[in-house]
Structures are given as C-alpha cells and as structure tokens.
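*Asks:* This is the structure I have questions about; it appears just below.
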Amino acid sequence: MKLITNKQGLVGAITVPGDKSMSHRSIMFGAIAEGKTVIRHFLRADDCLGTIKAFKALGVKIEETEEEIIVHGTGFDGLKQADGPLDIGNSGTTIRLMMGILAGRDFDTVILGDESIAKRPMNRVMLPLQQMGAKMHGKDGSEFAPITINGKQSLKRMEYHMPVASAQVKSAIIFAALQAEGETIIHEKEKTRDHTEHMIRQFGGEIEMDGLTIRVKGGQTFTGQEMTVPGDVSSAAFFIVAGLITPGSEIELTHVGLNPTRTGIFDVVEQMGGSLVVKDSSRSTGKLAGTVVVKTSDLKGTEIGGDIIPRLIDEIPVIALLATQAEGTTIIKDAAELKVKETNRIDAVATELNKMGADITPTEDGLIIRGKTPLHAANVTSYGDHRIGMMLQIAALLVEEGDVELERPEAVSVSYPTFFEDIRSLLK
C-alpha cells in the first residue's frame with residue numbers, strides 16, 4: 001500500500017475510536033454480570049470483535065446496533081462450554097484475560113489465535129493461575145497457544161508478587177480471584193493500567209487498591225451497567241505525534257481517555273518541549289476524558305525509563321518516531337516488554353525507521369535515537385503489527401519525494417479501522 005506523503009500540515013478535529021483495553025473489558029464484565037449492559041463508543045476493530053465472538057461462543061447473548069453493544073449477562077456460572085476452540089485472532093488481551101475468566105469454570109476450553117499469538121509467552125499468566133489451583137497448559141506442554149484449560153477446579157486465594165509489570169497478567173489473576181475462595185493479594189512491580197480494577201467498582205463489586213497492592217475477594221457478583229467508552233489514548237498518540245512533527249499542523253482530539261495510568265506520552269511531550277494542551281476534561285460515566293490539542297513544535301531529546309514505561313508501553317513506537325524529529329539524543333530504556341508484543345517492537349522500530357533515514361540503535365531494553373534526521377522514501381513493513389503500521393504512516397507524512405510502500409497495512413484494522421480515513425480528513 002502506498003502511504004500518504006509530503007502533506008504540509010494536518011489541521012482539524014477528530015474523535016479517535018473507543019479505548020481498546022476498556023472495550024475488551026466492557027464485554028467481559030457485561031458477560032459475567034447479571035442483567036443487561038449497554039456499551040456506547042465501543043471499538044469495533046478486529047481484536048474487540050474477537051472478544052464479542054468468544055463470549056457468544058460461551059453462550060452469552062450480545063446484540064450489536066449502530067450505536068450500541070448490548071450484553072445480556074449470565075454471571076460467571078451462566079457461561080457454557082463452547083462447541084469448539086475459541087479463536088481470538090490477534091488479541092493478546094483476550095487470550096490472557098479469558099484464561100483468568102475460564103480458569104474457574106466447570107468445563108474444558110481450548111483457546112487459540114493467529115501466528116502472532118502462537119509466539120507470545122503465556123507462562124506469565126499460566127504460572128500464577130496454576131498456583132491458584134487452575135489446570136492449564138500450552139501446546140505440547142509448552143507456554144504457547146493453543147492453551148487448554150481443564151475446568152472443574154476449585155480456585156484458592158493467593159498472595160502474588162508480580163515479576164513483570166503487566167496489566168494483562170494482573171487482570172487475569174483478578175478475574176480468577178473473583179472465583180476463588182478468600183481474599184487474593186497482588187503486589188505490582190510497577191503501576192500498570194487499572195481499567196479492570198475501576199470496572200469492578202463500576203459494575204458493583206469491591207476491590208482495594210493501595211499503592212502497588214491490590215486486594216480482591218472471591219464470590220462477588222456484578223450488575224449490568226450503561227457505559228460510554230472514552231477515546232483510546234494509544235490511538236490518539238499517532239495524531240499527537242503527527243501534529244507535533246508535521247509542519248503547519250494543529251490537531252484537536254476530542255473525548256480522549258485521560259486515565260493517569262495511560263497518559264505517560266503527555267509527560268514525554270512536555271519533557272521534549274512539545275505543545276500539548278488538555279481542555280474540557282470531565283468524567284463521562286465515571287471515566288475521565290477530555291480534548292487534547294497539539295501543534296507543530298520544536299523538540300529536544302530526552303531520557304525515558306523507569307516507572308513511566310508501563311504508562312506508555314504501547315506508545316513507544318510512535319514516541320521513537322517523535323524522537324527522530326527532536327534535536328539531540330533520546331534514550332528509551334526499561335522497555336524489554338516490547339520484545340514480546342505482536343512483534344519485537346524494539347527491532348521493528350529501529351529497522352523500519354532506519355530504512356527511512358533515521359539514526360536508531362536498538363538495545364536490550366529499548367532504543368537510542370539520534371535526532372534530528374530527515375526521513376526519505378522506502379519500502380517498509382508493519383510485520384503484521386498495528387502500531388508499527390500506523391507509526392510508519394505518520395513517518396511517511398514527512399517524506400518530500402518518492403513513495404513509501406507499506407507491506408501488510410491490514411494490520412491497522414486490529415485497533416483503528418478508520419485510521420487512514422482520519423489522516424486524510426485532516427489534510428489541508
């Protein structure tokens with residue numbers, strides 16, 4: 001696919017699609033709640049539609065209208081054995097959280113996905129769930145999908161110190177803990193996104209959060225809710241960077257989710273001297289959201305590492321692009337988690353942006369980016385990773401001559417089906 005290039009400035013306003021993490025979880029909580037849950041501004045992208053498909057296979061009635069998703073909850077005990085394996089496609093969130101949800105059910109389940117999912121590590125979820133009494137294993141006894149979950153297990157409480165900062169692992173344990181006897185205590189290594197914890201409260205449950213420690217009791221029941229999913233800050237990040245680095249730009253992004261566990265990119269933009277303003281912030285059905293305005297800025301290099309990394313882990317590919325247009329060196333560290341995403345994002349970012357003229361050195365846990373460098377035409381690939389594909393389209397906006405050809409552009413539909421249309425809508 002030929003990407004959009006050499007456009008002088010992006011100007012206008014858009015509303016980015018609903019938050020991917022929250023869209024997944026809204027279906028999950030709607031399913032395990034009693035009664036009806038109505039979800040607006042749901043992300044109708046491949047990953048989240050896969051979560052709907054999985055719960056339909058488990059016997060949950062889910063209606064889809066133009067404006068809403070309506071989930072008729074069954075409670076945990078109303079979930080039924082699927083007729084065959086659950087195919088969750090490309091979604092790491094779905095497979096890992098479903099492992100927690102299904103660990104305590106009274107039937108067996110096999111969960112599988114695409115070739116990317118088959119390469120992603122699942123021991124980080126399986127091992128703590130097995131400590132709670134779950135029985136599950138990967139293909140041929142490995143840690144890789146397909147994952148077989150043997151039901152009819154009685155889950156017990158545990159106290160767990162997380163070895164990695166992962167919201168997916170934490171959420172899988174929480175879902176299992178809701179079905180276990182007693183109170184489970186989780187100690188996070190670093191603070192990660194807390195949508196699962198907030199949704200427990202939104203759906204009428206109880207959970208204690210004190211710094212990095214979480215306490216959750218088993219045997220809880222939930223009640224269906226009405227909710228509006230705010231815009232995904234991870235999707236907004238591509239337009240934030242586009243607005244900062246494309247000459248003559250000013251972009252307004254409306255109804256963007258502002259959960260503090262997700263807004264690390266705002267802090268980085270401020271460190272680098274970028275113009276980013278948040279206005280009209282409000283709580284929509286309990287969720288903090290607002291309008292983000294960015295404009296073309298002169299940027300300087302910075303160092304990114306430590307406890308900010310979980311707050312911007314998904315934005316690092318496009319932050320790396322931002323750094324190529326900043327004066328000086330930017331160092332990103334403590335981000336080894338990028339190696340086990342849809343692809344090895346450390347290598348993918350360095351390889352593809354270097355093809356376009358960037359000066360990036362990959363490291364064991366991050367990237368060293370030397371700026372400022374002009375970018376030129378090249379043939380690039382997304383590696384089947386939505387965030388790499390979208391980052392490369394933003395990079396292409398800076399190319400003045402020649403074409404940028406992207407292999408595997410279809411990956412973008414995993415999280416942002418209208419991405420290329422929204423880019424075109426902002427062209428001067």
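Keep in mind that glycine also has a Cβ here, set from the backbone N, Cα and C atoms.
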*Asks:* Since Swiss-Prot lists Lys20, Arg120, Gln168, Arg345, Arg387 for phosphoenolpyruvate, which candidate among Gly50, Gly92, Gly366 does it give for that site as well?
*Replies:* Gly92
*Asks:* If you draw a 10 Å sphere on the Cβ of Lys341 (3-phosphoshikimate binding site), how many other Cβ atoms land inside?
*Replies:* 20
*Asks:* Any idea what the Cα distance is from Arg25 (3-phosphoshikimate binding site) over to Gln168 (phosphoenolpyruvate binding site), rounded to a whole Å?
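*Replies:* The separation of the Cα atoms works out to 11 Å.
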*Asks:* For Ser166 (3-phosphoshikimate binding site), what is the secondary structure by DSSP, using just helix, strand and coil?
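*Replies:* It is coil.
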*Asks:* So if I draw a 10 Å sphere around the Cβ of Lys20 (phosphoenolpyruvate binding site), how many other Cβ atoms end up inside it?
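*Replies:* Here the count is 24.
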*Asks:* Let me know the DSSP-derived helix, strand or coil state of Lys341 (3-phosphoshikimate binding site), please.
*Replies:* coil
